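Here it is, the structure, as structure tokens.
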Amino acid sequence: MQKRARFAPSPRTTSFPDATTFLTVYVVLLLAIPSNRSLADLGNAGALSVIWGLGAGVLWVIAWVQRSRPEPPQLRPVRVAVLVFSVAAMASYIAAMTRALPPDEVSVADTGLIRLLAWFGILFIAHDGITTLDRLLTLLRRLVVAAGCLGALGIAQFATKLSFVDLLPLPGLSITEGYASVETRGGLVRAAGTATHPLEYSLVLAAILPIALTLALRERHRSFLARWLPVALILIGLLLSGSRSAVVGILAGALVLLPTWSRLIRVSLALAGAALLGVIYLASPLAITNLRYMFLAVFDDPSAASRTSSLDLFSQLFLLNPVFGRGFGTFLPQYRILDNQYLLLLLEIGVVGLAAFVFLAVTAAVCAVRSGLRQSNPALHDMGFALAGSVASAGVLLALFDALSFPQSAGLLFLLFGLCGAFWRLSHPLESALDDPTSVGRSVVLR
């Protein structure tokens, strides 16, 4: 039997902080600080991750204008896709400003534009700033560790019925909205970690799970505990979130990864998953019972009924501005919660904006898969599918709640888009031919 290639440990080197370091700080700001905390008087635009993203955009622009020669468009399909989406979003914003809007909607339209710019900044830094595949893998490992910590926090919340995050002293940051880290369902606590809601928590963990699984399977030079503990914590955290979306996200990511797994790996993971469910059932039978009931009674569930009842209102409002929408972020929660990001995008940025967003997501996933297919190292081949699985998992869950309204899920999604673009760029044959130290991909270095 031929052995699958593994990720080899890289030699330790001393270097200046680079884009990977910059994005590591972003991951900490995004996932370690509670989603509902921001700088006073700035609202959702005052979240530290948003401010960091705006700084990323400034750094990227500086690096871009300093480049000495244009870069081949073949290296930048994801960047082209996000530029298309940004034009669509800006067109929607301009169209909204030409209409008479209530003051509340004007404010959130401005805030929505700021958040988009921050997400674009992170995407561009990830896409063009990461210099090698090794540095990309380093960032992915750190992202998995962060997700494992979130999973551990969720387990602690479930076991103790305490949020813990309320105990964190965060001077200068104020609470922007209610916190749901100890929300209950069926008599049990629904863990949310540092997220605003269990659904946001589920998307973050489910999107990172394919990466965690691939690293655990391929990085054999690391200890068993270091590889599989984050995977176990992520899975347990997902199952304890008390959400159908968690299971759907797990399955979506697994389906993309399935072609990369041998029969032995598939059987082993299935047995390990069954054992994990058994352990959770022994520790808390009601957790598994509630999860089973949520799928059996899906049509009787109030949340599902709410999604269905919103369709009539959606169709009426959509016909008012079908092309460019009413403006990103202007459909306020007090009007109605659609619980479907695709419908919300259709309402806010119209058919043009939704098509541009779907084009961005599909481009990112396809680039990741194609980059993996061109790898001679089977381990890197699998990582391409893992990144695509992360995007697919998040993309499926966008249909189940308004994910871009939540800081962690939105910030992670655009980071994943950027990582897919970086994997494409670093895997492309043209990249090795470019040895220009002033190109964007080599000049985003913090000295």
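Cβ coordinates are placed from backbone N, Cα and C, and glycine is handled just like the others.
Below are the features I grabbed from TrEMBL:
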type	residues	note
DOMAIN	231-358	domain 'O-antigen ligase-related'
TRANSMEM	16-33	transmembrane segment
TRANSMEM	45-65	transmembrane segment
TRANSMEM	77-96	transmembrane segment
TRANSMEM	108-127	transmembrane segment
TRANSMEM	139-159	transmembrane segment
TRANSMEM	199-217	transmembrane segment
TRANSMEM	224-240	transmembrane segment
TRANSMEM	246-262	transmembrane segment
TRANSMEM	269-288	transmembrane segment
TRANSMEM	342-367	transmembrane segment
TRANSMEM	379-400	transmembrane segment
TRANSMEM	406-424	transmembrane segment
The domain 'O-antigen ligase-related' (231-358): mean pLDDT?
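Value for the domain 'O-antigen ligase-related' (231-358), mean pLDDT as a whole number: 84.
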What same-chain residues lie close to the transmembrane segment (77-96): Cβ under 8 Å, and 6 or more beyond its ends?
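For the transmembrane segment (77-96), the far contacts come to 105, 109, 112-113, 116, 120, 123-124, 127-128, 321, 324-328, 330, 348-350, 352-353, 355-357, 359-360, 363-364, 367, 417-418, 420-421, 424.
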Using Cβ distances below 8 Å and needing 3 or more such pairs, separated by at least 6 in sequence, tell me whether the transmembrane segment (16-33) contacts the transmembrane segment (379-400).
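Since fewer than 3 Cβ pairs under 8 Å link them, the transmembrane segment (16-33) and the transmembrane segment (379-400) do not come into contact.
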Do at least three CB pairs under 8 A connect the transmembrane segment (406-424) and the transmembrane segment (45-65), leaving out pairs fewer than 6 apart in sequence?
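By the criterion, they touch.
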Using a Cβ cut-off under 8 Å, which residues of the same chain at least 6 positions beyond either end of the transmembrane segment (406-424) come close to it?
23, 26-27, 30-31, 35, 44, 47, 49-50, 53, 75-79, 82, 115, 118-120, 122-130, 133, 136, 139-140, 194-197, 199-201, 203-204, 207-208, 360-361, 364-365, 367-368, 370-372, 383-384, 387-388, 390-391, 394, 397
Do you know the DSSP helix, strand and coil residue counts for the domain 'O-antigen ligase-related' (231-358)?
96 helix, 0 strand, 32 coil
